[in-house]
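Trainee: Below are the structure tokens for one structure; questions will follow.
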Amino acid sequence: MQTTQKQDQKQERQNITKHYTKDDLIWTLSLFGTAIGAGVLFLPINAGVGGLIPLLVVLILAYPMTFLAHRNLCRFVLGSDKPADDITFVAETYFGKGGGFIVTLLYFFAILPILLVYSANLTTTLSEFFVHQLGLEAPNRLLSSFLIVGILMLVSISGSSIVTKAMSLLVFPFIATLVVIGCFLIPYWNGAIFSEFANMSASSIDYKQTLMTLWLVVPVLIFSFNHSPIISSLACHCKEKYRHYAEPKSSQIISYAVILMVIVVMFFVFSCALCLTPQDFAAAKSQNVNILTYIANKFPEATFLAYVSPIVALIAMSKSFLGHYLGSAEGLNGILYKASNGRLSGRPAHIITAVITFLIAWLVAYKNPNVINIIESIGGPVLAVLLFLMPVYAIYKFDVLKKYRNNFTNAFVVIMGLIGISAAIKNLM
């Protein structure tokens, strides 16, 4: 009888993961949308400045690093089978009231600055598009920031199902644009990056500099594919829809999303790398321009990319804003709930969270203070701790998660997390 029941459960599990629904696709695209922001336009520069080796390392590590870390975070939230228990409530279950509150604070203050940076950069990018591409006068920043943040907030507060659908709609043209640009650059491929590597001798390689480059490229990789702000929402969705089979389904969605990220982004990155040299990447980095702007300046036939670049950036940041709001709202809702001893929850908490977030985001988008970028840089290592280290600690600390104890994969996640965190801290100094 027990054997038959286990076989039935195994069959049901296989059926759930075998059938990939439209809803699953929407969540896959939402994870992609959260992760791949305007930073994708700088990833070829940051990864390519060190030559071929860092690019190959990024290609090899991108999938296992991103998938395993985000799957662990999702499993952390799945430790509670209550659909309403997001990361803030689950953290309290594991670490107690005080520890849970600290995790909630760190989670919120690690994600909020990213949201604020998107608000400011969206406003700036739109203004620059009006001036440089359209030849018009820059719109009033107070009004344009109000409209941009206001429209995105209206979508954000419509519920996770509306947010994910909106993100999936934005992701399609974004993916198509990256692929088309990658294909457009194929005639300009020159292989200089391979020639430079082939001409190197063992004695001419600066091993210290190469190791330093590899060390510093890890946080670039972590943050370029980071979609942790939406993972808790995915876990809650899967708990509600798939119940006992939430883990295999959420893992499938995360895996498909990361595969899509790696294929699209790395094709774009390598296409850019193959038409430029390491010296070009260094020049682009010193000029502080994105890769499309640099290519447009280098190749006269590609001047249209100067027009495409801000449009790609606007789409990228808009969808990432929506995904990061889900995580930021979870954090602030959790803070309000815990700080009020449970009196503030549900609709009142959501309204307060939306109003506070809108006002702060609007103010930052209007003023565009430099300090926000500094805060975001500090929040990066904190987010990496919550993504790479906290779930592994919980897996080995609490019996409810002991079925996820795989020493090899968890050791890999911890090691890569420590490398990324140390390099991110080094960048702050």
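Numbers here mean position along the shown chain, with the first residue as 1.
The backbone N, Cα and C atoms fix where each Cβ goes, glycine too.
Per TrEMBL, the features are:
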TRANSMEM  25-45  transmembrane segment
TRANSMEM  51-69  transmembrane segment
TRANSMEM  101-122  transmembrane segment
TRANSMEM  142-163  transmembrane segment
TRANSMEM  170-190  transmembrane segment
TRANSMEM  210-232  transmembrane segment
TRANSMEM  253-276  transmembrane segment
TRANSMEM  304-327  transmembrane segment
TRANSMEM  348-366  transmembrane segment
TRANSMEM  378-396  transmembrane segment
TRANSMEM  408-425  transmembrane segment
Trainee: Mind checking which residues reach the transmembrane segment (348-366)? Cβ under 8 Å, same chain, six or more beyond either end.
Mentor: 112, 115-116, 119-120, 122-123, 141-142, 145-146, 148-150, 153, 156-157, 325, 328-329, 332-333, 336-337, 372
Trainee: Output the single range from 25-45, 101-122, 142-163, 253-276, 378-396 maximising the number of Cβ pairs under 8 Å to the transmembrane segment (304-327).
Mentor: 25-45
Trainee: Name the range, of those listed as 25-45, 142-163, 210-232, 378-396, that has the largest tally of Cβ pairs under 8 Å with the transmembrane segment (253-276).
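Mentor: Stretch with the highest Cβ contact count: 25-45.
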Trainee: Among 25-45, 142-163, 210-232, 378-396, 408-425, which stretch has the most Cβ pairs under 8 Å to the transmembrane segment (51-69)?
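Mentor: Looking at each of 25-45, 142-163, 210-232, 378-396, 408-425 in turn, the most contacts to the transmembrane segment (51-69) are made by 210-232.
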Trainee: Against which stretches of its own chain does the transmembrane segment (25-45) lie, if we need a Cβ under 8 Å and a gap of at least six residues from its ends?
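Mentor: That would be 66, 118, 121, 125, 163-165, 167-168, 170-172, 174-175, 178, 220, 223-227, 229-231, 234, 237, 253-254, 256-258, 260-261, 264-265, 268-269, 272-273, 281, 284-285, 290-292, 294, 309, 312-313, 316-317, 319-320, 322-324.
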